[in-house]
Amino acid sequence: MLFPPLRSLFLFTLLLSSVCFLQIKADHDDESDLGSDIKVDKRLKFENPKLRQAYIALQSWKKAIFSDPFNFTANWNGSDVCSYNGIYCAPSPSYPKTRVVAGIDLNHADMAGYLASELGLLSDLALFHINSNRFCGEVPLTFNRMKLLYELDLSNNRFVGKFPKVVLSLPSLKFLDLRYNEFEGKIPSKLFDRELDAIFLNHNRFRFGIPKNMGNSPVSALVLADNNLGGCIPGSIGQMGKTLNELILSNDNLTGCLPPQIGNLKKVTVFDITSNRLQGPLPSSVGNMKSLEELHVANNAFTGVIPPSICQLSNLENFTYSSNYFSGRPPICAASLLADIVVNGTMNCITGLARQRSDKQCSSLLARPVDCSKFGCYNIFSPPPPTFKMSPEVRTLPPPIYVYSSPPPPPSSKMSPTVRAYSPPPPPSSKMSPSVRAYSPPPPPYSKMSPSVRAYPPPPPPSPSPPPPYVYSSPPPPYVYSSPPPPPYVYSSPPPPPYVYSSPPPPYVYSSPPPPYVYSSPPPPPPSPPPPCPESSPPPPVVYYAPVTQSPPPPSPVYYPPVTQSPPPPSPVYYPPVTNSPPPPSPVYYPPVTYSPPPPSPVYYPQVTPSPPPPSPLYYPPVTPSPPPPSPVYYPPVTPSPPPPSPVYYPPVTPSPPPPSPVYYPSETQSPPPPTEYYYSPSQSPPPTKACKEGHPPQATPSYEPPPEYSYSSSPPPPSPTSYFPPMPSVSYDASPPPPPSYY
């Protein structure tokens, strides 16, 4: 019989052995549950079981990538997964002595493929950034194992299907960027019951209205623009006053009246509802939005008199109410008294102002007052929002910068940690730089809009030292929000210091200047032959998270995703050359949206074209944008349109030769560009297939340029790394891909 001490020791040893056995068995069960067919070489030695699982996940994903033009995954071999390009490791939050894969940043890699289900093995992942690639299919359900995932950026790819509900099961998620994809159907109401800080769903195919519990969300930035939502703006919007800084609902086919509850949004700096079908008067409660800097209500059917309280807002910088049916404005709103405010009130029914509607239009049904109670919209309030534990820090997003100007600069070649902007991803620089995000789709400069430009101070210059390590923890730093020069709409958050993998994310600094946010529909993207999955330019990387111990991933989020690199296409827009992409025959300035032959007037029949000139060849004048529509409106028709073309040279879909330098293009016969307005909007162009299979020839679908970037980053990318990544176009969210073409 064993003595009591020996028996206790024996039982303890047995228990410890059982726990270790169960852990090892669980690891192998995870692998078998995911159906991985990766055979791990027995000669490979791994630092710990977590990195062994990461090896299986990344090797499975590598097999699911059909095209890697910059050989970004070339060094994804061997057991040292922490040295793989785009992979960042950090100490586990649960076991600090154990290194795990904490971040993935493949922004602007121009890869084509799909997301392997084995990625669910990366259960310690805190950030996943793959914007501005050509990944297609659907988001695997196995992502529900990523309990620490804080930032998810899938923008500017070719994902399809309904809203990926797996994101609703991620308990730590704070930043969600699904812009510029082909998601469709309803926006789930549960999304607004989650404790998210930023939601970007613009430029998809969502329909069936905005959920009535919208006001339950504690987000600081909400962008649902360029879908086909329809319906009313919920009255519950008034419940978002404590956190909301920016709301963009433009070009969503919204109807009804503007709910008076918007007066509760006292922290909102940017409010944009242009290009919808809203009616009735502007509520006088708008005068309570004390922080308002940008108010855009153009291209609707508003009537009545402009409330005087709007023109008394002390922070107002841009008030655009053109293309409505307003019948009057108070004397205080006269342009002479608003010298410091950009005001555009053309195409209304205001007596005494220039460029107003005709008497016939001003006596039409649309110009008559409406009874807003008949719409039955904003009287419905959703139940009180769930109580969220807000981090002590004050979150304030800098107002987006509407820059009606040229697209952002081309991405740099080196890969830097994800830079997040509400716009296209920033250019990668060093292996590990703080993630910077910018949120503003840099559309080409457009003529018809008052130049309200808002820029946030660019992030500080990169420090020579490597980025701080990922730290999994600590509450998110307070949002720092400053508005410097007017260039782009940039929300940049400082790079996460140590990657802190824990609940609160690192402080969000919404400040790096992203590409200009332009309200305009992007020109039809030039079709390009993508790999097995539809090809599209990569969006900006978006990243803001809790400090982490290893070097933080790339820069932070951006409103509109940007660009990728690829061969020069015959697109009608001139984009700055992108690093690593072959230079086009010669830069050609195409008219923004017009692909069809212009009017008979200036017709030049090119004699250089290989094929006989069509009946009326087009002479594309230099940079001259197509004539603005009758009324200065930010956005094109109500139909949402796909992401604007990114500043990338896309190879033409057809084998036709590249256009000669002096571009006198013959009509459609010679160049592949689609006819006018052949821009596929979310509601019009057929969504890509739900799955992309290797071996299938790429389909010539119009490539969507990366959306503009809102950079959530506040710190510049880290210094160039000692080890260089394969050439890869990267655009910091501040320099997101080319903005979508302006709708003017």
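Using the three backbone atoms N, Cα and C, a Cβ is placed for every residue, glycine included.
According to Swiss-Prot, the feature signal peptide maps to 1-26.
Secondary structure at N71 (N-linked glycosylation site), as computed by DSSP, is coil. Neighbours of N71 (N-linked glycosylation site), defined as other CB atoms within 10 A of its CB across all chains, total 13. The N-linked glycosylation site annotation in Swiss-Prot covers N71 (among others).
The feature N-linked glycosylation site is assigned by Swiss-Prot to N77 (among others). Taking a C-beta cut-off of under 8 Å and a sequence gap of six or more, N77 (N-linked glycosylation site) has no contacts in its own chain.
Annotated repeat 'LRR 2' per Swiss-Prot: 147-170, in sequence order. Per DSSP, the repeat 'LRR 2' (147-170) is made up of 5 helix, 8 strand, 11 coil.
Sequence annotations record features per position, and here Swiss-Prot assigns repeat 'LRR 3' to 171-194.
As annotated by Swiss-Prot, repeat 'LRR 4' applies to 196-217.
For 241-265, the entry in Swiss-Prot reads repeat 'LRR 6'.
For the recorded site, N253 (N-linked glycosylation site), the DSSP three-state label reads coil. The N-linked glycosylation site annotation in Swiss-Prot covers N253 (among others) and rests on sequence analysis.
For 266-289, the entry in Swiss-Prot reads repeat 'LRR 7'.
If you look up Swiss-Prot, you'll see 315-336 marked as repeat 'LRR 9'. Broken down by DSSP into helix, strand and coil, the repeat 'LRR 9' (315-336) contains 5 helix, 7 strand, 10 coil.
As annotated by Swiss-Prot, N-linked glycosylation site applies to N318 (among others), with the evidence given as sequence analysis.
Secondary structure at N344 (N-linked glycosylation site), taken from DSSP and collapsed to helix, strand or coil, is strand. N344 (N-linked glycosylation site) counts 22 other C-beta atoms within 10 Å of its own C-beta, drawing on all protein chains shown. Look at Swiss-Prot and you will find N344 (among others) tagged as N-linked glycosylation site.
According to Swiss-Prot, the feature compositional bias 'Low complexity' maps to 430-439.
Annotation comment: Swiss-Prot describes 704-729 as compositional bias 'Pro residues'.
Among the glycosylation sites N71, N253, N318, the ones whose Cα is located within 10 Å of the Cα of N344 (N-linked glycosylation site) are N318.
For the repeat 'LRR 2' (147-170), the model's average pLDDT works out to 95. Note: the CA-CA distance between N253 (N-linked glycosylation site) and N71 (N-linked glycosylation site) rounds to 42 Å. Residue counts for the repeat 'LRR 4' (196-217) under DSSP, split into helix (H, G, I), strand (E, B) and coil, are 5 helix, 6 strand, 11 coil. Take the glycosylation sites N253, N318: by the count of other Cβ atoms within 10 Å of each Cβ, the lowest one is N253. A Cα-Cα distance of 45 Å separates N318 (N-linked glycosylation site) from N71 (N-linked glycosylation site).
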